[in-house]
Every structure is written in structure tokens, then in C-alpha cells.
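Report on one structure; see the data block that follows.
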Amino acid sequence: MTEFLRILIFCIWVVGFALLIYAGQFLRQTNALAARRWAIASSLFLGILYLFTESPLSSFVPSNSLMRNASQWYIAAILLLTPFVSILGARRPTNKFWSYFIVLPMIFVLGFPILVNWMGGGMDDQFSIQPPVLIGFLFVLMMGVGNYFGTQLTLPAILAGCSVILIVVPLTTTVSPVVPVLVLAMTFPAAVAMHGLSIIWAYWSLRKRSNTETGSPYNQLWFNFQNLFGIVWAKRVAEQINQAAESKQWQVRLELHGLVWQQTELTTEQKTETIKELDKHLRWALLRFVEEEWIERSLK
């Protein structure tokens with residue numbers, strides 16, 4: 001790889017990491033801050049690993065060949081899963097212990113092959129992932145990335161998932177022996193570039209939607225929630241709202257693509273009353289994920 005490409009990839013990571021830090025102002029007063037902290041930690045680890053193995057600084061690191069850093073790259077891949085898993089526990093009060101009882105145990109379970117290799121006295125250049133571990137890893141990855149299918153973050157999430165795959169798959173026992181060393185030498189830097197691009201793309205995607213595109217402040221609020229917490233939580237909230245709508249005989253339903261009115265010939269008074277009731281129930285459901293101030297900002 002040329003020096004220019006190494007520097008370009010590092011610059012892409014720096015821009016992505018800077019946007020990740022800057023995104024804190026958009027996530028304040030939400031339960032997504034824990035996922036952001038995991039994202040910062042994983043991205044920082046990935047950037048430092050790249051800096052000391054693929055950049056000019058690698059000359060100061062002894063025995064820094066690709067395969068001698070295999071276990072470190074696998075750790076980076078595990079950490080890149082943590083933001084996706086963290087957001088699945090964003091609802092109060094579960095969010096208070098999700099990182100301790102779900103995210104950290106996941107890191108330990110997926111990282112167990114590293115402990116086995118180290119405790120067995122194996123060299124890092126002998127480290128590889130067995131197919132059962134790979135299957136479990138990919139299952140967690142698909143679950144996390146799939147949570148954002150259908151949102152503004154669909155393509156950035158896929159790109160982020162592909163960056164993780166580029167790290168993990170070459171380390172498996174069934175792939176690494178048959179893949180040329182030159183190809184393996186390109187997968188890890190490519191993963192860093194894709195990771196940085198996924199953050200840049202996600203930031204751009206979240207900023208481009210406007211009220212004129214959504215047609216309603218409540219649609220804007222709803223899409224903001226979906227984009228942040230994913231389809232899994234959006235479906236849960238929609239079910240709660242639609243149960244209330246059915247019991248109270250509202251003429252509106254909350255779908256993933258926004259508010260859907262059952263009748264178009266409602267009077268202004270009827271529509272205003274329905275929106276008032278919807279507002280109360282929607283706020284109650286969303287307050288388990290965000291603060292009141294975040295809701296007000298999204299409605300503006």
C-alpha cells in the first residue's frame with residue numbers, strides 16, 4: 001500500500017472520529033449516549049491500532065506484521081459491535097444495567113478464543129477464529145445492523161457492518177489459509193476506511209432530512225426517533241400507540257413511514273383533538289428513551 005493511501009485512510013478515520021465526538025450535542029438528553037460512548041471507545045481503539053500497525057509509526061513497533069496483530073484486530077472487531085448492541089437496551093430502566101449485564105458479557109464470550117490462545121501459550125500469529133465463533137459473531141452483527149434497516153441509517157449501517165466483516169472473516173480458519181497475503185494486507189486498512197466513511201455518511205444522513213420532507217412535526221419526531229434507536233424500538237412504540245388508537249377509536253395510526261389517517265374527511269376540531277391525544281401518548285412512550293427537551297427540539 002502506498003504512503004498516500006495510508007495517510008488518506010487515516011484522515012478518513014480522523015474526520016469520522018471528530019464527527020462522532022461532535023455528535024454528542026445531538027444525542028444529549030437521550031439514552032443513546034451509552035451507545036455513543038461505546039462507539040467512541042471502539043473507534044479510538046481501531047484508529048490507534050491502525051496508526052501503530054499500518055502507518056509510518058509502525059516502524060517503532062516490533063514484530064508488527066499483519067498476522068502478529070490478528071488478535072488485536074479481532075478485539076477491535078468485537079468492540080465495533082458494542083454500539084449496535086448497546087442501543088438495543090436503550091429503554092429505561094433497562095439502560096441502567098444493559099452495558100454491565102449484556103454488552104460486557106458479549107465482549108467476554110466473543111473474545112474467549114483470544115484468552116484460550118493466550119493461556120495456551122499460542123503465538124499471536126497462530127490466532128484464528130473457529131467457524132462456530134464466526135457464526136455467533138455474524139449473528140450479533142446482523143442483529144445490530146438489521147436494527148437500522150428501513151431508516152436513514154440503512155446504508156451507513158451496512159457499510160459499518162461490512163467494515164467489521166473485513167476484519168473478522170479473513171481471521172477464520174477456513175478463509176485465512178487460502179487468501180493471499182497481499183489481499184489480507186489490504187482488508188484491515190480497508191475496514192478502517194469503511195468505518196470512517198460509515199460515520200461520515202451517518203452524520204450526513206441524519207442532517208439532511210427536514211420538516212418539509214416529512215410533512216408533519218410529528219413525523220419529524222417519529223423519524224428522528226427511528227433513526228436514533230432503530231426499527232426494533234420503533235415497532236414497539238408503534239404497537240403501544242396503535243393499541244391506544246384502537247381502544248380510543250382514533251382515526252389515525254402510527255406506521256414506520258409516519259402517521260396514517262384512516263379518514264380524510266375529519267373536521268378540524270376532530271383532527272386537533274386526535275393530535276392532542278396522540279401527542280400525550282407518544283410523549284409518554286418516548287420519554288422512556290429521551291428527555292422532554294429532545295422531543296420539543298424534534299417538533300420544531
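Here the Cβ of each residue, glycine as well, is placed from N, Cα and C on the backbone.
A Cβ distance under 8 Å defines the sequence-distant neighbours of the transmembrane segment (6-23), meaning residues of its chain 6+ beyond its ends; these are 36, 39-40, 43-44, 46-47, 50-51, 54-56, 189, 192-193, 195-200, 203. Taken from TrEMBL, the feature transmembrane segment applies to 6-23 (among others).
According to TrEMBL, the transmembrane segment annotation covers 35-53 (among others).
Residues or ranges marked as transmembrane segment by TrEMBL: 73-90 (among others). Long-range contacts of the transmembrane segment (73-90) within the same chain, counting only residues at least 6 positions beyond its ends with a Cβ under 8 Å from a Cβ of the stretch, are 31-32, 34-36, 38-39, 41-43, 45-46, 49, 98-99, 102-103, 106-107, 110-111, 113-114, 127, 129, 137, 140-141, 143-145, 147, 157, 160, 163-164, 167-168, 171, 188, 195, 229-230, 232-233, 289.
Within the same chain, residues 34, 38, 71, 74-75, 78-79, 81-82, 85-86, 88-90, 126-127, 129-130, 133, 136-137, 140 sit at least 6 positions outside the transmembrane segment (97-120) and bring their C-beta atoms closer than 8 Å to a C-beta of that stretch. Marked as transmembrane segment by TrEMBL: 97-120 (among others).
Residues or ranges marked as transmembrane segment in TrEMBL: 132-150 (among others).
The transmembrane segment annotation in TrEMBL covers 157-175 (among others).
Annotation comment: TrEMBL describes 181-204 (among others) as transmembrane segment.
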